[in-house]
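Undergrad: According to TrEMBL:
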{"type": "REGION", "residues": "A:1-22", "note": "region 'Disordered'"}
{"type": "COMPBIAS", "residues": "A:7-18", "note": "compositional bias 'Basic and acidic residues'"}
{"type": "TRANSMEM", "residues": "A:77-94", "note": "transmembrane segment"}
{"type": "TRANSMEM", "residues": "A:154-174", "note": "transmembrane segment"}
{"type": "TRANSMEM", "residues": "A:181-199", "note": "transmembrane segment"}
{"type": "TRANSMEM", "residues": "A:253-270", "note": "transmembrane segment"}
{"type": "TRANSMEM", "residues": "A:282-303", "note": "transmembrane segment"}
{"type": "TRANSMEM", "residues": "A:340-362", "note": "transmembrane segment"}
{"type": "TRANSMEM", "residues": "A:422-443", "note": "transmembrane segment"}
{"type": "TRANSMEM", "residues": "A:449-468", "note": "transmembrane segment"}
{"type": "TRANSMEM", "residues": "A:480-507", "note": "transmembrane segment"}
{"type": "DOMAIN", "residues": "A:535-658", "note": "domain 'STAS'"}
């Protein structure tokens, strides 16, 4: 059977379908009985210029969901409206907003406000910032998000993880107690740079489970300071110094604080449990923190002469003297753009802290937004969220706010309370506004211990045993990544724990690439399907052929391995044939279906492999190379050395055609 | 058509081949005319314990070529012999060694010795070490390699890249001129740790091309010091300070040195060109360096009163006073194990330098060994070479040698000169021994300028324009990695250039994983083959079906992307159907052939995708999941949610079966 022309053709030049028939193949293939097989040419993908390729690649990287597709074939006016709706999602839902929706949003907005106020104060303390910064941060950012954000259920404000990371990283550079003004400046600057955070896909779920659990344990242990009423506490974050500090300062433990703290902690944990058991009672746990704050404040106020051991927050009493703006004015967010710090020795720390907290808050915000969007079947656009959360943080840094994003716990309450649009964030911000303007003096006697109890209750939900157990069941290596980040955070440090976790995740990807799976394939009788006989017992090896599959791109990182491994398969097959007196091996077919990419090292490996097998008088044939692999094989001229009959569209066609050729030339 | 049982079965439980017939499918599939299709079950791979999996994984990572396979089913005596041959390859070839082989080896050994002596002296200067260390390093390591190494053509000794990297890295920590003894100690210590170097697969060919070219340029520019006779030269390695230094010190240029240097450089380059044009004349370029050294030494000796401008090497005059061993004795390698430096502040530098130079020399040695092994059709075992080169360097560090490995240029000469076994290395070492014992005084007047010319001629071959051009033609991103490492070495520093290059290479792998290719598939009429219609025009979309393929594992790094991209494909398909009034979309088939792995984030993505498509009343079906993917899907219980008919062995079977089900329930 002759082959008419070069089997590799440019797509543009083959308008008529070119198919060769292999009539003798039915008998030629000895074991596999199959109808005559048509032999198809392997085509190159349509040719593209480097610029076109680059453009396509970049649009896939940054705009995978093609956000501009709605703009196609529209009038200019519609385009303008669409553009407005695109950049300000508020224009999308505001025109159809109704009183019924408003009613739901008011209820949910008030509910999350009752949660946001105590959490805001608590999380600011976690970031070593004055508590009022937490309230400021629950006012401006939610307003901005309600205009720019595309999620309808995200409740915006400070969150525990970002607060913790910011507090740790900045405190390593500048002590918050020794130089509170510089610390505050760095915090605003970091918040500004957090606005430049970007979406990064290298935080795997496993990593996050471990990291968040580790952070939750660290945060909870830190709260022992407040819960036990210890005045002199370590500033370190690792588990060992914190526990040492707790027990060394036993003489500072205050029984009044302990009694009060653990009672409220029990109250908060019980309400949390009730809401978890019965989602309809979500308001029980939502109202509990504010109730605790009010109750404890009243208690301290009433018993103030008797409770010397209990330290109080003094939100309104902030003795901060800002060099530029004087005393923090009571009332609304003061401007803070003059406190941004764009030069000097701490700029690098601020940028690093900002970018890391920015990435973390973006990851959390988008994940939370998507979770609730999926429940209501709408979509949250990653790029738009990146812009919304970024802009919100940059604006926040100029109005005395620190890093904010969508909080999981508050968004869940928002969703359960029936929030319909971002108006619930506006309601929440308005409530915080009222608090800032009129209610601040009421917080004068709020005890620190209650904030510790609130933080513990909030972060305890981050410890997800079940997810960790599922990781163990499904993927041991994922579980290992999870444990690495957990123990990294506990014993080393929060940023390093995160780095270790990302490292393990990336290493896992690389490991898969460096040592990919290779296997022998056999034919399932009566079909053109080739599968691994150790998985499908009906799959039969084809005599005189060794059909191999590589399950990975062929790269510099694995080209040597694949070469050695294939030679080992060939050697083992030959030894087995010798032992069984089988038909001599004549042809090695490499199924390239799963070889989705190749680089220059890979091409060299294929080329060398062919030479080595030829020296052993074995034919080496490739089946079903993917589009870009085909292109590279073509560009590197390796196809010329493969000659005719070196490439087939499918393993079945290769077996049929080569067998028939053998029959023709005995 | 009913489905009898759970379609996912453990391999062990399905001994009889279970096949369902789908007789109506021929009519049901509207466009594609095909014979009745058998529907096969998707099987799980044979179950293994975690320990078995771990063992298999580790053996694939470290012993891909199964080095112990020869030991299977052998008697204990044969096993002993094989083990001896395994650990000491000399036992493999020594018993059959003959006089004819010895003759070839003597010729090639003498040839490479004539190259090794001048290069050894030159490369030691590149590492800022006394020239005699270069000769010592050409004596002990080749002897050890000839016993342990498995390559027959590798010529062992100092090499340019490792010398350069060691020189740069150590000189950054300790100035070689200010504290030569400490520098020498660190060099020996680094050599010791170079013995702990390991094989790393993250130096891609593209990276190495760029790195070596950059290093060659840097080294050549450094030689301007010698070639122009400049006494006060910068100690920096970057291109800018070196060139500045060259022109600022114009008053130090010595015309005698320049004339002599450029004449010998021209001589060396011409002989190099001759040997490259006619490989048979390999000895022309092989003999040229030693000839130049001898000629120039005689010249300087004869004209010593007239040539004040020419600085000389003074190998034998080394004024080093070793604190422990006194003056360097003339003669053989003095022991240096007492100079190893295992504590103190510079240990970290020594370890870092050692590991990096160790990895580089291992990479070079194994690559060179494999190149020549492939030409003669024998195999070089990576693990054995790692042991041989590692032990050779550790032993070298105790006998006044610095880092050595197989040199490409000398090995090529060795091969061309007809070397047959590692005996050529023994002959070379013996020649060096004679030189060390008796001929050292002859080098007394060797001028530095000749060493500069020898180094330039040696490294110029590392600049591989053609490889870089081919990279540009075949793979733009590989070319970018190459340029990054080239300019990184030139403008930043040698170790950082290497780090950048490795970073770019790894980033490229990750980029492929983060944004994998997804595509629509169509059926090639008359076959069960499904291909991309934009590549194969004969491939036809199947009405009511959307068949998608993902060309990558599904990981945390791409699970969101794949989810969004698939939803976009579905949306685009639906829009197109609406525009053409086609058959409504009813089923999405995901061809998992190239999805070679999945992690927990990927499983969640698949699960969520199914829920989202179900909300749009679209059926979601997986075709041909790979073994380990199947296993994870099973372990995570996601298969239960897919229910019956959620998994097929092949796209064709899925189309046929689902169509027939639709026909059965209209």
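A Cβ is built for glycine as well, from the same backbone N, Cα and C atoms used for every other residue.
What's the neighbourhood like for each of these?
TA: Sequence-distant contacts of the transmembrane segment (A:154-174) (same chain, at least 6 residues past either end, Cβ-Cβ under 8 Å): 112, 116, 119-120, 123-124, 126-129, 134, 137-138, 141-142, 145, 182-183, 186-187, 190, 194, 212, 215-216, 218-219, 235, 237, 346, 349-350, 352-353, 356-357, 360-361, 364-365, 368-369, 372, 392, 402-408, 410-411, 413-414, 419, 422, 424-425, 428, 455, 458-459, 462, 493-495, 498.
Non-local neighbours of the transmembrane segment (A:282-303) in the same chain are 111-112, 114-115, 117-119, 260, 264, 267-268, 271-272, 274-276, 310, 312, 412-413, 416-417, 442-447, 449-450, 453-454, 457; each lies 6+ residues outside the stretch with a CB under 8 Å from one of its CB atoms.
Non-local neighbours of the transmembrane segment (A:340-362) in the same chain are 159, 161-162, 165-166, 169-170, 172-174, 182, 185-186, 188-200, 203, 385-386, 389-390, 393, 397-398, 403-405, 495, 498; each lies 6+ residues outside the stretch with a CB under 8 Å from one of its CB atoms.
Counting only same-chain residues 6+ beyond the ends of the transmembrane segment (A:422-443), those with a CB under 8 A from a CB of the stretch are 89-90, 93, 97, 101-102, 104-106, 108-110, 112-113, 116-117, 120-121, 132, 135-136, 138-140, 142-143, 145-147, 149, 151-152, 154-157, 293, 297, 313, 315-316, 330-333, 414.
In the domain 'STAS' (A:535-658), helix, strand and coil residues by DSSP number 60 helix, 21 strand, 43 coil.
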Undergrad: Which whole-number mean pLDDT does the model give the domain 'STAS' (A:535-658)?
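TA: Summarising the domain 'STAS' (A:535-658) by its mean pLDDT gives 87.
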